[in-house]
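Contents: one structure, followed by commentary.
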């Protein structure tokens, strides 16, 4: 992959035997994260339940980058399973395991098995800003119109 940045990754013992996250098409934006739950005890999410799902993955993002953990559209569309804190942010200085907070918004229990692709991780540059106090702000045609103010 030309222009790719290198990210060092480690797998914890409970992820042994699982492949590193990978892109599953040539134009995919996200690397698929897999569940590192025990083979013998899959995780069952009842309808309305949420759980932290381990991936067994630790990464060292370069300065100026972040990773976002986002839902997989197929899980959401077919089963109502999504990432509860979407997008979950992984900061460049974080060196702990990446876990995925999944919620089952569907009507039936959903079983998460070892190695199942449960979320996608997008790595992107971060723009840092410096906020400055201001007495007034420039006017816009939208003004303070918020949720739904621009129509359907």
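Glycine is treated like the rest: Cβ placed from N, Cα and C.
Over in Swiss-Prot, the protein carries these features:
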BINDING   72, 73, 74, 85, 89, 90, 91  substrate binding site
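Taking every pair among 72, 73, 74, 85, 89, 90, 91, the residues listed as contacting substrate, the largest Cα to Cα separation comes to 26 Å. Every protein chain shown contributes to the tally, and the Cβ of residue 73 (substrate binding site) ends up with 10 other Cβ atoms within 10 Å. Same-chain residues at least 6 positions away in sequence with a Cβ under 8 Å from that of residue 91 (substrate binding site) are, in sequence order, 61, 66. DSSP assigns residue 89 (substrate binding site) to a strand segment in the three-state reduction. The number of other CB atoms found within 10 A of the CB of residue 74 (substrate binding site), across every protein chain shown, is 10. Annotation note: residue 73 (substrate binding site) sits in a helical segment as assigned by DSSP. Around residue 72 (substrate binding site), taking its Cβ as the centre, 19 other Cβ atoms fall within 10 Å, counting all chains. Sequence-distant contacts (6 or more apart, same chain, Cβ under 8 Å) of residue 90 (substrate binding site) comprise 59, 61, 66, 67, 68, 69, 98, 121.
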